[in-house]
Amino acid sequence: MAKIYRETDADLSELKGKVIAVLGYGIQGRSWALNMRDSGLRVIVGVRPGKSRDLAKEEGFETYDVAEATKMADVVAVLLPDMVQPKVWTSEIGPNLKPGALVIFAHGFNIRYNLIKPPSNIDVTLVAPKAPGKAVRDEYLRGWGVPALVAVHQDYTGKALRRALAVAKANGFTRVGVIETTFAEETETDLIGEQTVLVGGLMELIKKGFETMIELGYQPEVAYFEVLNEAKLIMDLIWERGVYGMLNGVSETARYGGLTVGPYVLDNSVKERMRKAAERVRNGEFAREWLNEYEGGMKNLSRMLNEVKNHRLEVVGEDLRRLMRSGR
């Protein structure tokens, strides 16, 4: 059974008098910085000159270059894009960390695949909200929060978990619940979920359904509504009620058809391919492939994005979305 930490398991006094540097001021970084400041903590922002730094200044933060912010900080939240982190770590973060500093990542990718190798005299932890950055801020302001994961990779001070939980509490995560995990589990499940279900799986399922209906002679606009537009309604039901609750929220015809035809379309061969995709994540093959793609200028990614952009599903969808917005 998973260990879940809540409000009474975390103490903000662990961070009293400490300087917290949020590195990066994108959607996630901004939300963390604002939340922790509103929780009474001293927060500075490390970010390069540009629009993000200007925004941080406008919102009342002391801003510094990443290296300078790291030097000043007792707690360093690394909220830069994953693929930017290793280079910035080598040149600006790693050489400037105080002994005993707490470093927090929001995703375990670079630690899991040894792209960042931290020194032995710091604490290294993970605090990973399971929601987009905007929701992290919005739910905090609502007096609630979003669920998160916490993990300890390195505990130099003996206080790594306590301090990470304090950061989680300052962001509102312990109001909902913070699940203890490992860097490996967080990273692998995140990638496997994205590839096989959330991004890759859903996208391809919708595309294949759309293509099938078009090939059978149905109107593209009608097919779009059936396979994409209504997918949100079903996912909302699943999110609110679970899969069983969703089934009780649709018609008996939909319920029977889904339960009998769904396993035929997505049979155990799909699960076998999911396992193969998962193994590529677990053995590092996907990480190596993605790193090569990134360092090579992401030409394959650009090509694939253009293919999606020009797919008939997107062309039809753009027109229909414009039509639906026109009445607002």
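Quick reminder: no glycine exception, Cβ is built from N, Cα and C everywhere.
Since the structure is predicted, the reported quantities are computational estimates derived from the model, not experimental observations.
Copied over from Swiss-Prot:
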- 2-181: domain 'KARI N-terminal Rossmann' (DOMAIN)
- Tyr25, Gly26, Ile27, Gln28, Arg48, Ser52, Asp82, Met83, Val84, Gln85, Gly133: NADP(+) binding site (BINDING)
- His107: active site (ACT_SITE)
- 182-327: domain 'KARI C-terminal knotted' (DOMAIN)
- Asp190, Glu226, Glu230: Mg(2+) 2 binding site (BINDING)
- Asp190, Glu194: Mg(2+) 1 binding site (BINDING)
- Ser251: substrate binding site (BINDING)
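Listed in sequence order, the residues of the same chain lying 6 or more apart from Gly133 (NADP(+) binding site) and placing their CB within less than 8 Å of its CB are Gly26, Ile27, Gln28, Gly29, Arg30, Ser31.
Within 10 Å of the C-beta atom of Glu194 (Mg(2+) 1 binding site) sit 13 other C-beta atoms, taking all shown protein chains into account. Considering only the recorded positions Arg48, His107, the Cβ with the fewest other Cβ atoms within 10 Å is that of Arg48. Averaged over the domain 'KARI C-terminal knotted' (182-327), the predicted model reaches a pLDDT of 97. Ranking the recorded positions Tyr25, Val84, His107, Ser251 by Cα distance from Glu230 (Mg(2+) 2 binding site) puts Ser251 first. The number of other CB atoms found within 10 A of the CB of Glu230 (Mg(2+) 2 binding site), across every protein chain shown, is 11. Checking each of the recorded positions (Tyr25, Arg48, Asp82, Val84, His107, Ser251) against Asp190 (Mg(2+) 2 binding site), the C-alpha distance stays within 10 Å for His107.
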